[in-house]
Every structure is written in structure tokens, then in C-alpha cells.
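Structure, as C-alpha cells:
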Amino acid sequence: MLGLVFLTIFVSLNPSPTSPSSSSCTVTSIEDLAEATKNCKDISIGSLTVPAGKTLDLTSLQAGTTVTFTGVVSFGYKEWTGPLVDVGGTNIKIVGASGSVLDGDGARWWDTKGGNGGKKKPKFFAAHGLKSSTITGITLKNTPVQAFSISGVSDLTVSGITVDNKDGDVDELGHNTDAFDVGSSDNVVITGATVYNQDDCLAVNSGRNIRFADCFCSGGHGVSIGSVGGRSDNEVNGVTVENTSIVDSDNGIRIKTISGATGSVKNVKYSGITLKNIKKNGIIIQQDYQNGKPTGTPTDGVPITDLTISDVKGTVDSSATEIYILCAKGACSNWSWSRVDISGGESSLKCQNVPDGVAC
Ligand SMILES: *[C@@H]1O[C@H](CO)[C@@H](O)[C@H](O)[C@H]1NC(C)=O
Ligand SMILES: *[C@@H]1O[C@H](CO)[C@@H](O)[C@H](O)[C@H]1NC(C)=O
């Protein structure tokens with residue numbers, strides 16, 4: 001009993017959590033964050049509200065820092081481009097503890113227009129320039145527009161993420177709520193993600209050695225490469241999508257290259273894909289993409305080569321197209337498809353320049 005009293009006194013005399021001498025710090029107010037990132041390598045972020053128009057800034061972390069979210073993080077309302085959370089550094093571990101959530105309360109911005117107009121909406125979670133890092137167990141709820149932007153990173157593993165934008169389905173208010181946008185990155189692994197959203201589950205615009213495995217995608221536009229073209233980096237080389245279910249979505253597998261643009265898409269492999277309740281296309285590969293409205297005329301500036309699609313099974317809605325391939329002449333080659341079994345919908349009559357061994 002006496003021991004317990006002494007222990008209590010000892011603990012309460014300990015320095016304040018964010019004092020410079022401390023290496024382990026708890027942040028419960030945004031004001032404490034800058035000092036914590038300067039002084040601490042083990043940062044715990046509890047429940048707090050990030051003021052409107054401010055970023056939860058984790059870009060100045062010391063190498064080797066672990067940041068653990070333990071509570072509910074909310075964000076004030078402002079029409080701006082964000083991001084709401086920004087993470088950077090080397091050997092960084094970002095962890096979402098069980099029950100923690102970053103809640104965008106996106107309904108305050110949703111107006112059916114996404115990034116195409118209406119209210120200016122903040123992007124949510126930027127992971128830019130990370131090296132040799134991990135992001136684990138984070139839950140994003142109701143993102144105003146895109147969820148994770150992964151750009152300029154090398155050797156990043158993103159596991160056990162939940163993006164829950166189900167509320168955005170009401171009256172189709174949520175739009176352009178891509179779960180993972182990946183660009184200009186090397187060696188990114190995304191595993192075990194659970195996504196409910198209204199746009200691409202994955203969209204790789206550029207990069208190398210990207211793996212997306214053991215994921216569940218619902219409500220969106222499919223697991224996508226692209227759109228490719230029209231940016232500063234337009235090379236996609238090495239994307240593997242494995243063991244992933246895509247349900248209640250516009251498309252299953254999708255590769256879209258921009259009309260008139262240049263670049264390349266190569267070494268792409270989809271395998272072990274299950275489709276269910278697909279509304280538009282089971283597999284869609286198009287070289288005529290333009291935001292909002294494909295042109296219908298494929299162009300050859302972004303060739304799609306060395307594409308393997310195997311063990312894809314499932315169903316699409318009766319009004320949906322099972323497989324749609326629109327390639328420019330000579331711009332799709334060395335494709336290898338096997339055990340592709342998609343049923344329930346219509347066959348496309350509009351396929352063009354389909355490579356040998358592949359059927360629409
Ligand atoms: C496939 O993915 C699911 C999650 O969607 C996971 O539970 C399962 O273990 C994975 N299977 C393999 C063989 O990796
Ligand atoms: C065809 O693609 C495969 C990978 O799918 C690759 O290993 C092979 O080198 C490619 N062949 C040519 C001729 O480019």
C-alpha cells in the first residue's frame with residue numbers, strides 16, 4: 001500500500017510528456033505537435049481536433065520515429081486543398097492503434113462533384129518522400145476527396161488500412177474518393193486494405209515495383225493503372241495485384257492511358273482477382289481516356305506491354321460489359337491471359353486491336 005503511494009508520487013513528478021529530455025511523448029493538442037516531432041522518436045497522438053485549414057504535419061520527423069494514433073482525430077472545416085495529414089521522413093513507422101480513426105467528416109464538403117468542381121476539398125493523407133517506412137492499421141473515415149496520396153517514396157509498406165467512405169454513397173454525394181493514388185515511387189507494398197469508396201481503389205499513375213495484395217475493394221471504380229500520361233512522370237513498370245476482391249464497383253480491373261499522351265505501361269500482373277456486382281466493365285483497358293469522357297479513338301503514345309492477367313473470376317451485372325479492350329494499332333503487345341472467367345454481362349462489340357491470345 002505504502003509502495004503504491006510512493007509509486008504514484010514518483011510518476012506524477014516525472015517531466016511533462018513533451019519536455020526536450022523525453023524520447024516518448026504524447027500529443028493531445030495540435031500545439032504540442034511541433035515540439036514532439038523535434039524531440040521525440042516515439043510519439044503517441046491521442047484524440048484531438050486539427051484546426052480548419054491546418055495540416056497535421058508529420059514531415060519533420062527524426063529518422064527512426066514511430067508515430068502511433070490512439071484516438072479520434074477530427075478536422076475543422078475549410079474549403080482548401082489540404083492535405084489534412086502529411087507524413088515524410090526515413091525509417092518512419094506510422095501506426096493506427098486498434099479503435100483509432102482519422103475522421104474527415106467528408107459530408108461537410110461532399111456535393112457530388114469531387115475534385116471536378118463545387119467546394120474546394122482537402123486531400124486527406126499525403127505520404128510523400130517517405131523512405132524505408134511503414135504505415136500500418138490506419139483507419140480513414142469519410143474523406144472529403146482522395147484518401148492516400150503516395151508519391152516520391154521508396155520502400156514503403158502500407159498494411160491493414162481501412163478507408164471507410166460508405167456514407168458518401170448516400171445520394172452519390174462522395175466523388176473522387178480514390179483510396180490509394182501512387183506516383184513516382186519505387187517498391188511500394190499495399191496489403192490487407194479494406195476500402196469502401198467512390199473512385200479507384202488503387203490508381204498507379206507512375207512508378208515501379210508496386211504490389212497490391214490481399215485487399216477488399218467495394219463501391220468504387222476498380223483497381224487501376226492510370227490514368228497514365230500528361231504528368232511529369234508517365235512510366236509504370238512493374239505492378240502486381242494479387243488476391244483481391246472487387247465488389248459493387250463500376251469496374252474490376254482497369255488500365256487507362258490518356259488520349260494523345262506519351263509514356264509507358266509495362267510488366268503489369270493481375271492474378272487471383274474475384275469480381276462481384278460489377279456495374280460497368282469486368283476488365284477495361286482503354287487508350288482513349290479523358291477525365292469524364294473517353295474519346296472513343298485510342299492513341300498509341302502510351303503502349304501497354306507485358307501484361308499478365310490470370311485467375312480472374314466472377315460476375316458482372318447483366319447490363320455491364322464483361323471485357324472491353326480499346327487499343328491503338330501496335331500499342332498493346334505481349335499480353336498473357338489465362339483462366340479469365342467473367343460472366344453475367346454482355347460481350348463488347350467495340351474492342352479494337354486486341355492482342356493475340358486475348359478475347360473480348
Ligand atoms: C487473400 O486476401 C484475404 C483478404 O482479402 C486474406 O484474408 C487471405 O488470407 C488472402 N489469401 C492469401 C492466400 O493470401
Ligand atoms: C513478355 O512479358 C513477360 C512478362 O509477362 C516478360 O517476362 C517477357 O520478357 C516479355 N517478352 C518480350 C518479348 O518482351
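Placement of Cβ uses the backbone N, Cα and C atoms for every residue, glycine included.
Predicted automatically and left uncurated, TrEMBL annotations should be read as such.
A quick note: this is a predicted structure, and the numbers were derived from the prediction, not measured.
What TrEMBL annotates here:
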ACT_SITE  HIS221  active site
SIGNAL    1-15  signal peptide
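Taking all protein chains in view, 26 other C-beta atoms sit within 10 angstroms of the C-beta of the residue listed as 'active site'. In the three-state DSSP reading, the residue listed as 'active site' counts as coil.
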